[in-house]
Amino acid sequence: MFVDKVKVYAKGGDGGNGMVAYRREKYVPDGGPAGGDGGRGASVILEVDEGLRTLMDFRYNKHFKGKRGEHGMSKNMHGKKAEDLVVKVPPGTMVTDEETGALLADLTTHGQRAVVAKGGRGGRGNVRFVTPANPAPDHAENGEPGEERNLLLELKVLADVGLVGFPSVGKSTLLSIVSAAKPKIAEYHFTTITPNLGVVDTQDGRSFVMADLPGLIEGAHEGVGLGHQFLRHIERTRVIVHIVDMSAMEGRDPVEDYHKINEELSQYNYRLTERPQLVVANKMDMPEANENLKRFKEALGEETKIFPVSAITKDGVRELMLAIADELEHAPEFPLHDSEEQVEGRVLYKHELPIEPFTITRGDDGVFELSGAELERAFKMTDFAREESVRRFARRMRKMGVDEALRKRGAKDGDLVRIMKFEFEFVE
């Protein structure tokens, strides 16, 4: 098992702007307000798809932005809500906010969903601001900005495919040429003492996880060599790729090797024999390989399909990877037996962005700088092209206590105050 990690950016769509509009009707002031609300922006949602096994797709697409809601229209017509952006992830994906380190979601079951970036609500049209004192308001809200955050997706990956065979038959070499894994390769036995895993991406767009497992020897089911450690890992795979050395340079007979390995698998756990097994005749670039392959085929019979390859020259490797991907499409899942690998009662954590109180700082140029989630949200939703909207924003700041706080910090009439990239004069 290894942990696959990828960083992605998600932003919910902004809400549509509310509209300032009036209907043309006799005896109604200014025709009466008739501006509709904007539509809600699209949220970015992660959804579990049990057909996915890796985070490979996120290597090429790391930015996810929801669409904006439609703007409000005249005649009290509201803008259309944007359709949520649903992003598929494999089971077992954990989602963390990169900035805060907070766990946002732990996605485990097919169809489970988590909203990771909410779409902004639509701005209200001028019909929403009617009062007895102001029956025809010339004010509407801009749409609320959608949430945005950088996320860390983590997936604990179990191998789909296990490479088995005696030591030094070429398992590590094969894994190194079909994936980005860098296993230790040397001309002595048991170079691999822990599983190496790599993600294989086939030419037709399919992907799977392959494990180069420690070499198996006789007596492994009784714990000889790395037996128990090896067999615990092979128990988790869905397809077994049995690699046999056709060169016979180690002094072993390919036919005997094949039967000995299968005997160890059957002795350890009868369920290992239920897994689909692809037989690979490796080291076909060596002098004696063709003669040994002929004898090997005769011993196994026509019903056993054998894939001749050379991990060194890469001959036959592409066809082998496609055959493995085909086999995986029909191979069933096998449950894990180790309690340490099972996670019970996983919880979907709902993350709510806390409302920050505003803060006041002084910039290097001496300008008072205002920041804070609630204040910046109100600022972004204000249409500063309309005088009534500007006055409303000023009243809201006073209600929040911003004016009083600026005075306590020494602000005087005419001093500059900056919100985001915009500057205003402080007026007593």
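Cβ atoms here come from the backbone N, Cα and C positions, even for glycine.
Annotated features, as they stand in Swiss-Prot:
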type: DOMAIN; residues: 1-158; note: domain 'Obg'
type: DOMAIN; residues: 159-329; note: domain 'OBG-type G'
type: BINDING; residues: 165-172, 190-194, 212-215, 282-285, 310-312; note: GTP binding site
type: BINDING; residues: Ser172, Thr192; note: Mg(2+) binding site
type: DOMAIN; residues: 350-428; note: domain 'OCT'
#### Entry: Stretch-averaged pLDDT - the domain 'OCT' (350-428)
85
### Query
Which residue counts does DSSP give the domain 'OCT' (350-428) for helix, strand and coil?
29 helix, 17 strand, 33 coil
#### Entry: Packing count at Gly165 (GTP binding site) (other Cβ atoms within 10 Å of its Cβ)
23
### Helix, strand or coil at Ser168 (GTP binding site) [DSSP, three-state]
coil
